[in-house]
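In what follows, a structure is listed as structure tokens, so that the remarks can point back to it.
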């Protein structure tokens, strides 16, 4: 009711008591009912509308709608893209290896990140406030923390796997199986769960943030408990994993540089092919690095905001500065499938093979499709580097060129089992393959074999001749041939045994 509007033309002279009394009489219950209009101001009567315990932010409506539209696009892309990654890597036999279990796990974490975060965020943005209650807020924030931490730890495991495959390939032969990869992933999930549960037990809390349309852990409250949780969270799930990733790629850079130098020193026609395979390995390692960098870049703005509030400068942060970095962080779930679709040849070929309707969208050529899958069907009995370089190499040089245990890097993981390589099945998944293998010894037909009689010649003459004559002897190598046409062991992971 507006008193001024109902008595807009009534004026009383100063000191006129009769006029004042008449004005008060007009405000009686009868006139109040006749002049009553809906009042939209604050009121103490809430029996017609349920209370809203969560606060709201005074921002334009279009800000909520824009953020809601962006998060909806991110969610749809993340769900569809990561579902395709999971389907293709589980369907394709050449991609179904122990190392690729890390990639599938990353896609699973990103899939559930998009599935649990985007629809709720979008619905809350349409209502311009949090509408789902306290329990759903806690569950929503818990899922975001769990899947975000799991993605970071999985990327760390991928970097470590790449580093070991390139720097210590022989150490992985027979030591990496699906069971061991599954054990690593179990540790990753338990570690992520351990850092996501404390807010349920009073160490920090899960509360609305930013524009009050999403929830996260409480990093705005300046208390010792909240600050301790935030600081330890960033140390153990962001900075330490990031340091491990950087160390792994520094080791990869150094190993590839050393391998290139050693291969160039070998004057043989096959070294160029080995060098090309090494370049392919480096290319796939760079793709992995790109995925990791995009993930770190996506979470960096959110990290800066949280650490700023933890340092005691939360008054400098606006609702936009809290919500926009949260959207960017959740968008990290879409980088993985997009990068695969653009750069990973075997993934592109598998998509075109199992989902033909996407072949035109990804522009997969027939040549690319044939070349990608032909590598999985060829025999693994390829000539080794030692047998190709046998001519003109002395006994001592043959042992050195064949990469005896002191030269592990020459048998690099150019065809290792991770998704980042050109040839997907290798020695690191030896224990996961079937036992129907044929062990063969390959001996070059161009070698000169000393007869038994010649070995009984004068010892001094033979020693003198061996010291000056360049003799090529066969250096047997053990290669494994699988029963499956799609799973083969590359020569880069064969066990090279130098002959005496």
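A Cβ is built for glycine as well, from the same backbone N, Cα and C atoms used for every other residue.
Topological domains recorded in Swiss-Prot put residue 283 on the other membrane side from residue 317.
Of the candidates 18, 456, Swiss-Prot records N-linked glycosylation site for 18; the remaining residues carry no such annotation there, which does not rule it out for them. Taking Swiss-Prot as the reference, the stretch among 66-86, 255-275, 360-380 described by the feature transmembrane segment is residues 66-86. Among the ranges 183-203, 204-224, 393-413, the one that Swiss-Prot lists as transmembrane segment is 183-203.
Annotated range for transmembrane segment in Swiss-Prot, selecting from 34-54, 139-159: 139-159. If you take the C-beta of residue 330 (N6-(retinylidene)lysine) and look for same-chain residues 6 or more apart in sequence within under 8 angstroms, you find 71, 74, 113, 114, 117, 118, 121, 144. DSSP states for the topological domain 'Extracellular' (308-322), grouped as helix (H, G, I), strand (E, B) and coil, give 10 helix, 0 strand, 5 coil. Summary: among the disulfide-bonded residues (137, 215), the fewest other C-beta atoms within 10 A of the C-beta are counted at 137. Secondary structure of the topological domain 'Extracellular' (123-138) per DSSP (helix as H, G, I; strand as E, B; remaining residues coil): 11 helix, 0 strand, 5 coil. Distant neighbours of the transmembrane segment (323-343): 67, 70-71, 74, 77-78, 81-82, 84-85, 106-107, 110-111, 113-114, 117-118, 121, 144, 148, 151, 209-211, 213-214, 216, 287, 290-291, 294-295, 298-299, 301-302, 304-305, 351, 362; these residues of the same chain sit at least 6 beyond its ends, with a Cβ under 8 Å from one of its Cβ atoms.
Counted over residue pairs separated by six or more positions, the transmembrane segment (233-253) shares at least 3 Cβ pairs under 8 angstroms with the transmembrane segment (139-159), which defines the two as touching.
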